[in-house]
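Engineer: The structure that follows is given in the form of structure tokens.
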């Protein structure tokens, strides 16, 4: 008899619990507050869910910003020619300049002495040594040589490191070294005494005109090699301002030497990684 009474009491106690399952907010029946979960448990769970949601939202926002920055960085490629290896580009152009200067000195040597003011009868190493010891002096060259030709070649010297990616100061120093040591005290001293005009005017004005050439070349290249809507005019002007660059870019010498145009490097981004590929 006692066993039956015990079973009956147990059934009366368990039945409300089975009829009203407990949720996060407690028993569905609001009157049965006896079975509501502790308030601190609900508060801690809500705080954990809120913190987890905030962290996920912050992480997602940071990831989106990072992808945007990567996209902007990948899309910021120059619209003008820019070699990926400045040193290789510059070394190659130095070789071209050396060959061009030799050709120029031969051309000037065969020109009339009335134009160059050179005394071809005293051409040689002995004459070079005497000219270096005497110079520099103020020469009597006409305006076409001192005012046009020398600044133009100074600008051509300046353009080589500038196009390669060096600063204007480094390019001006390169123009000064090339025009003074290599040309004035080098090749030209075989037939003429070094002059003050060429030592100062050539690199100084050459650097000024060279920077103008450089910015103008970038502008034309950024507009699809067009100037005033004409591609032919644009290519001619670029060729006059940077003849060495035409050989490097358009004739394929830079590519042959392993120098690539940064514009030809195609960048791509995926959710997993950032990659690069060459366009041939």
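Heads up, residue numbers simply count up from 1 along the chain you see.
For all residues, glycine too, the Cβ spot is worked out from N, Cα and C.
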Engineer: Give the range, chosen from 89-111, 112-134, 135-157, that TrEMBL lists as transmembrane segment.
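Structural biologist: That would be 89-111, the stretch labelled transmembrane segment in TrEMBL.
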Engineer: How many of the residues that make up the domain 'DUF3943' (135-244) does DSSP mark as helix, as strand and as coil?
Structural biologist: 85 helix, 4 strand, 21 coil
